[in-house]
Every structure is written in structure tokens, then in C-alpha cells.
Amino acid sequence: MGCFGSAGAKGDAEENKKRKEANKNINKQIQKDKQVYRATHRLLLLGAGESGKSTIVKQMRILHVDGFSEEEKREKIHAIRCNIRDAILTITGNMSTLTPPIALENPAHQFRVDYIQDVASQKDFDYPEEFYEHTEMLWKDKGVQACYERANEYQLIDCAKYFLDRVHIVRQTDYTPTEQDILRCRVLTLGIFETRFQVDKVNFHMFDVGGQRDERRKWIQCFNDVTAIIFVTACSSYNMVLREDPSQNRLRESLDLFKSIWNNRWLRTISVILFLNKQDLLAEKIRAGKSKLEDYFPDFARYQTPLDATVEPGEDPEVVRAKYFIRDEFLRISTASGDGKHYCYPHFTCAVDTENIRRVFNDCRDIIQRMHLRQYELL
């Protein structure tokens, strides 16, 4: 009897020892995971639809991961073809609906328009050679070009000109997209996408969420324990309206959205890095002079370039005035209700320019590090 008792006690002791060891290992792993979690900078990308958020994520992959594999590049071919089809369909489809309407320079091209509208619009369209032929010929037509110039009067993807200029390349059977093609390619973001990368042994998790109005309800899921918000706005959208609501100016929507995020009670301690994006397109519009900023934002007529403005060599003074006016519209919101718990850090960006994003993100890293230290009360 005693023998059995001592064997049982010994077994219990062994079991306890194993259990303690297992608990110790679990606790050790929990502590390790906690350290990794606390050492990770979580960045939430917010902004209205088509502001350039997903392009910023692609740049992080190019700059800090391994870019895109040959297979991933080939997988983008279909999306790029869709962009070309969407662009030529939209432009030719709006020629007759504009006020005043626009006619083809060469009426003999009408059969090409009919093909685009009737055949290329079909769901199971497979991009035969004649599609590229018709698209290239139409894109050279001055009437089609004139309709493109009035793109702010209807909804057209930003990359339309970029890809329509490259149809002769995309149509090749051995075509492989370049990094610039992938950066320019427009695909609607639905849901939440996380990108992980490391810079100088510091871990970053970047969350990209859809910017269209019906996607924004998902944002709240990402607010927990965020280091910083990167708010992206398309500065070139000052003369455009929303896809979801043609009565609302896109830049005004972006300002309203920024205000709601800045004043959100759950985000009062999270600072915002403001990416004033699409500076290249803004400069083009201002220099062209067809869509005047003051026609959409009357205060611009009285606005003077601030003393803190940095002017790039050869930069048009009117472009400088425009970009700082838009910056100050956002800063008016952040300074009006700032309580010293969170700050707004503006940067002028061109999301398709890898060197620009490299420089801007390097400038932001110190800011993000300070936010991270403050988040865990180490500063």
C-alpha cells in the first residue's frame, strides 16, 4: 500500500513540475509577445476614396519589403487592362453627355466608339487585338482628348492618361508591368489590409482601409492601440465630386472627414501625419489654369503664401500658393480644437514617386518614434 502511495506522490510531483515548467514557458512567451507588440509601430492609413492610400502601401513594399515578384507583377496585368478599358469606356461614354457635348474630330472613328461601348463593356470581355487598336486610334482623336481635358465634369480614374499613353506596351504578349505600372494601377480597396515591414530593426504594421463612405464603418475596428494615423488627401481633387455623392466636392469631403477624425473622442491622444498627396496632379491643374481653385474655395482669392513656405527650385509661385492654402485649410481644423494631446504633421507627397515617399517616410520616422514612446508613457 505504502509503495503505491509513494509512487503516486512521486507522479504528482513530476506532474506539478511539468505544469509549472509549461506555465513558466507560456508566461515567458506572453512577455515576449508583449514586448514585440509594444515595440511595433502601428500606422493606420485613413482618407477619402481615391486619395492614394493603397499606393502608399505599395511604396512601403517597394522600399522596405522585397517589392513585387515577377508572378505578382503578372497578376496585375488583368487589373491594368481593366483600367484601360474603364478609362476609354468612361471618356467616350461622356462625350455626348457633357454640356456642351463633344464630337469626334474624325467622325469615321464612330464605329470604334460603338465597339468600345457595345462590345468592350461586356462582363466576359477578353481583350482581343482589335480592342487595343480601337483604343489607340480613339486616344489620338482630338475630340476624345478634349473630353479627357474635362474629366472633372465626370468620374475618371487618375491613371487614365498614364495607361492610355502606354496601350502599345500593355498590348504586347510578353508584357510585364513595371513598378510604376503597379503603383499607378487602380483597384478599389474593400475591407482592411495589413502590411508588415521593418526599417532599421523597427517593426511597422500599416493598416489600409477602404475610403469610400460605405467602407468607413470598418475603420473603428482598427483604432485600438494605434501609434499614429496617416491621413491621406488628394489635393488635386479640389475641382472634383464624389463617386458616391455627385453633390459633394471631394476636397471638402476630405476636410470634413479629417475634422471628424481629429475631433473623435477615441482618437484625442493619437497624432496625425497629414499626407497632402497628388502634388503632381495639383501642379498640372493650377498651371493649366482651366479649373481655378478660387472657383471652388473662394477664400483662396485673398490667400497669401505664408512666410514658412519652402519653394522648390523653378516651382511656380501660384502652385506654391495653392498647395499651402490647402495645407492651411487642414491646419485650421487641427489648431482650432487642439488640446495639446495630439498634433498634426503635414507633408507634401506624390504617392507614385518612390523617392518622394522614401524622403517623407524617413522624415516621419522620428515623429512616429516620439508618438510610440508617448503611447507607452516612456516620454
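Cβ atoms here come from the backbone N, Cα and C positions, even for glycine.
Check Swiss-Prot against the ranges 161-168, 273-280, 321-328 and you find region 'G4 motif' recorded for 273-280.
Confidence across the region 'G3 motif' (204-213), taken as the mean pLDDT and rounded to a whole number, stands at 78. For the region 'G5 motif' (349-354), same-chain residues at least 6 beyond its ends with a Cβ under 8 Å from one of its own Cβ atoms are 52, 55-56, 59, 62-63, 179-180, 183-184, 232, 275-280, 360.
Among the binding-site residues Val187, Val209, Asn277, the ones whose Cα sits within 10 Å of the Cα of Ser54 (Mg(2+) binding site) are Val187, Val209.
Within 10 Å of Thr189 (Mg(2+) binding site), as judged by C-alpha distances, the binding-site residues found are Val209; the full candidate list was Gly47, Ser51, Leu183, Val209, Ala351. Each of the binding-site residues Leu183, Val187, Val209, Ala351 was scored by the other Cβ atoms within 10 Å of its Cβ; the lowest score goes to Val187.
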